[in-house]
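Trainee: Please see the structure below; I have some questions.
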Amino acid sequence: MAEKPQPVVVQYCQVCGLPPEYCEFGPEFDKCKPWLIQNAPDLYPDLLKAANANEADKVADQLQSTGISSAGSGGSSEAKQEEVKRLPGGKIKKKEKKEVIIEKVVRNKRKCITTVKGLELFGVKLSDASKKLGKKFATGASVVKGPTDKEQIDVQGDISYDIVEFITDTWPDVLETSIFFIEDGKKVPAA
């Protein structure tokens, strides 16, 4: 009888998370090179040759870059790594900007909904904000999940003319320079 085929064990790059054959197409091929030389030298023989040729240069560069000042800067490099969040596949998640975006959506020809996004970035509780907006403008206001699964406030009616002044007066942490309108698909500053 024939033997049962065994499953293939795939080795993944510890830097980018891709199989070594695809590291060159990944976002961080330069960072993957040392790992590839050590763990998969048969896949990239050119890297091995280049590594042997440049090994002396790398050692000299490392000696020049090492010093007393580099020991103190080690903590700052860790802080930079915390700011940038890595997602699977080598994608980088950018830190969100603190800004409030106000958008007017027209439905059923005459009805409008004003959408307020980004208030939570300033430490504002969205449920309290929706109550205050509803009372101030005498309309219905609710907290809903937007298309990007982030919570936003939907207010019935076109209140975009007064909402900037109300937001800056009610929450002093929100500056007028950090409030933007979306008009015709373009982001326009409110100030």
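From the backbone N, Cα and C atoms, a Cβ is placed for every residue, glycine too.
Summarising the annotation, TrEMBL assigns domain 'SUI1' to 100-171. Per TrEMBL, the feature region 'Disordered' maps to 66-88.
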Trainee: Using DSSP, what's the helix, strand and coil tally for the domain 'SUI1' (100-171)?
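Mentor: Residue counts for the domain 'SUI1' (100-171) by secondary structure: 24 helix, 26 strand, 22 coil.
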Trainee: Summarise the model confidence on the domain 'SUI1' (100-171) as a single mean pLDDT, whole number.
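Mentor: The average pLDDT of the model in the domain 'SUI1' (100-171) works out to 88.
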